[in-house]
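Visitor: Quick one: this structure, given as structure tokens, is what I'll be asking you about.
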Amino acid sequence: MAKIINFNDEARKKLEIGVNTLADAVKVTLGPRGRNVVLEKSYGAPLITNDGVTIAKEIELEDPFENMGAALVKEVAIKSNDVAGDGTTTATILAQAIVKEGLKMLSAGANPIFLKKGIELAAKEAVEVLKDKAKKIESNEEISQVASISAGDEEIGKLIAQAMAKVGETGVITVEEAKSLETTLEIVEGMQFDKGYVSPYMVTDSERMTAELDNPLILLTDKKISSMKELLPLLEQTVQMSKPVLIVADDIEGEALTTLVINKLRGTLNVVAVKAPAFGDRRKAILEDIAILTGGEVISEEKGMKLEEATIEQLGKAKTVKVTKDLTVIVDGGGQQKDISARVNSIKAQIAETTSDYDKEKLQERLAKLSGGVAVIKVGAATEVEMKDKKLRIEDALNATRAAVEEGIVAGGGTILLDIIESMKDFNETDEIAMGIEIVKRALEAPIKQIAENCGLNGGVVLEKVRMSPKGFGFDAKNEKYVNMIESGIIDPAKVTRAAIQNSTSVASLLLTTEVVIANKKEEEKAPMGAGGMMPGMM
């Protein structure tokens, strides 16, 4: 296939157009006065959202060079979402600002390699300053504040704080659609383990890459499954019952996996297979925990059982199961409460007896999963469009809250970024490396300016007023006041800010060192032959 090649400034200019197109679409959502973006879907109603990464993923540009620029910034948003689960809009704005300032300096004759070195030095220092300024979360109120700011809704913030209080900071919190208009919190028996689906073809939601099963049957075995004939008798019965199936096994491979995937794609079988968590004796113990929680049995050859002889009665049950590429969450298992209580007491006795700190830690993990339960936030809304938007906001808020618990909190509203600029050490570097450092310092001003502009105010004026204010003061965009941010509950997770700085500087500095851009040339479609051998256009 023929290629189109662009060089030097022409190449970078095209990339910049792509960067700006994507960033301009995303940055209107920043802050409490941020707007929504409407996304056309191939089926169903349009999606209305203010979630940066969701918007970024939808953007594809016609010009291949511009599309590459957009794709690079899309990577910033996706990476920030993967690391921290929030802060994707801030990361996108920072990347755009670094590219803009960097290209100005390249046009003035700066060396891109030295600029990149300066950007990397400044980013590293900014992250160190951020870590020093982060404050550990100390109260349930602070958890509520982080969640409220991320979701843009105080009620959601309170709900997430309640959920964390019930199941603990590391507990399992899931988000489901409610059948009413109310958004409520429920605590149900449940368990989460760190294994995801064995094949991405098993997902039920291809946009979010998750598999959700309602009222599934759960097959538990410590056996490696490679032949379909072992599963066939059982699966034929589940198909007749029109029940989805979760398979938890030592491994699923070969012919068995291929057949499951083909039948899933054909729609004849709704099945998700995952590997059992942990190893050795601990794996067997966790499988037994899941069996007791779901009211099933572990099909084990050590007990003289054969998979092909397993019956429906030996399968576990649950209200819902959600599987991602890394996690499986079983909610509201069908096990008897007396059996679960007996298992909990047995694990407590083992904890009291063991002398190994490692064994104690692993037993406590199992105990928490069996007794802690799962918090389910049921999202209520008047329409499906509102429901989708609300779910995205709650998921973002959950991610932000977990990030805050992990690495602490900092002043929100872009204030911490100005604080970082003031606190960064002096670098005794050459002029061009110093230019790279200056690029990052200027870029760190961009989020607070954008928050102000989304309020209809002059970003530069707001920036200067914050600079003149006492330490820790910033711009409260919701009430258009200058306040002490942490005291007013306007806080951000340090992890989210860190991910935004690291990912934006990484991708933007690489873009600035680009000298050549190569894209595929589109082949012109040949005109169809005229019917019946006539010349085209003749009737």
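Cβ from N, Cα, C; glycine included.
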Visitor: Would you identify which residue of G168, G171, G190, G413 Swiss-Prot lists as part of the ATP site it also attributes to T29, L30, G31, P32, D86, G87, T88, T89, T90, D492?
Guide: G413
Visitor: If you draw a 10 Å sphere on the Cβ of T88 (ATP binding site), how many other Cβ atoms land inside?
Guide: 31
Visitor: Quick check: in three-state DSSP terms, what is G31 (ATP binding site)?
Guide: coil
Visitor: Among all the protein chains here, how many other CB atoms are within 10 A of the CB of G31 (ATP binding site)?
Guide: 26
Visitor: Have a look at the binding-site residues (T29, T90) and report the one with the fewest Cβ neighbours inside 10 Å.
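Guide: Across T29, T90, these binding-site residues, the one with fewest Cβ atoms within 10 Å is T29.
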Visitor: On a simple 10 Å Cβ count over all chains shown, which one of the binding-site residues D86, D492 is most densely packed?
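Guide: Top count of Cβ atoms within 10 Å goes to D86.
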